[in-house]
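S.K.: One structure coming up, written as structure tokens, with questions to follow.
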Amino acid sequence: MSALEAVLARRSWSKVTDEAPDRDELLTLIAAAGRVADHSSLQPWRLIELRGDARHRLGAAIAVAQDADEPSTKPLRAPLLIAVVASFRRSEKVPHWEQEAVAAGVAHVLSLLLDEAGWGVIWRTGGYTRHPAVAAAHGLAPDEQLLGWLYVGGRPERASGRRSPVDADALLTPMPADGPTVVAASTLEKTKKDKKRKKDKGSS
């Protein structure tokens, strides 16, 4: 299967069975997912594996975040949860938003690889995703942020619903030929001319 075929076949699986990939399979896929574009090769991400009782601990943390009386059962919807964490590195060239984009890219590629390997995957978030109680449950450092969880399990016999087609023509647009961009270009040209005049005046 080509990369294009794998992407076109990908879908989110909201319901999965109790089967899950083992750690060895995960490591292989994660090593591949980590090859996403990464400015300065900072590797500003890490993943946290949640199985068994770890899912119950997450449920308790979600309850704290939501001020609920009982632990949330949402983490029990899949046998394996993979928490996606942006681990920000000190860099003068690469801002935090760009580092977070790398972490999100790893999650997207990993979900695609898991899907291509035959597993059911869905990326879940929630209003509690960045609550301090949830961060503490994952052992996050002050310079880390949670981006959500990949819920992973076996695929049920009944296929997931089809996705609506993407209108690529509507989403790929040319850069405007007028407006702020033209103003910026003319300003830049004026700045160049002013510098040239000063240089010529200084040498005369």
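Placement of Cβ uses the backbone N, Cα and C atoms for every residue, glycine included.
The shown structure was predicted, so the numbers you read here are calculated from the model rather than taken from an experiment.
So TrEMBL lists the following for this protein:
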- ARG10, ARG11, SER12, ARG35, HIS39, TRP123, ARG124, THR125: FMN binding site (BINDING)
- 157-166: compositional bias 'Basic and acidic residues' (COMPBIAS)
- 193-204: compositional bias 'Basic residues' (COMPBIAS)
- 8-153: domain 'Nitroreductase' (DOMAIN)
- 157-204: region 'Disordered' (REGION)
S.K.: If you pair up every Cα among ARG10, ARG11, SER12, ARG35, HIS39, TRP123, ARG124, THR125, the residues annotated as binding FMN, what's the maximum separation in angstrom, rounded to an integer?
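M.R.: Value for the max Cα separation, rounded to a whole number: 29 Å.
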S.K.: State the three-class DSSP label for HIS39 (FMN binding site), counting H, G and I as helix, E and B as strand, and everything else as coil.
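M.R.: Once the DSSP labels are grouped into three classes, HIS39 (FMN binding site) ends up as helix.
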S.K.: Tally of helix, strand and coil residues over the domain 'Nitroreductase' (8-153) according to DSSP?
M.R.: 61 helix, 31 strand, 54 coil
S.K.: Using all protein chains in view, find how many other C-beta atoms are within 10 Å of the C-beta of ARG10 (FMN binding site).
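M.R.: Other Cβ atoms within 10 Å of ARG10 (FMN binding site): 15.
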S.K.: Including all protein chains shown, what's the count of other C-beta atoms within 10 A of the C-beta of ARG11 (FMN binding site)?
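M.R.: Taking all protein chains shown, ARG11 (FMN binding site) has 16 Cβ neighbours within 10 Å.
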S.K.: Quick one: of ARG35, HIS39, ARG124, which of the binding-site residues has the smallest count of other CB atoms within 10 A?
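M.R.: Looking at the binding-site residues ARG35, HIS39, ARG124, the Cβ with the fewest others within 10 Å is that of ARG35.
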S.K.: Across all the protein chains here, work out how many other Cβ atoms are within 10 Å of the Cβ of SER12 (FMN binding site).
M.R.: 15
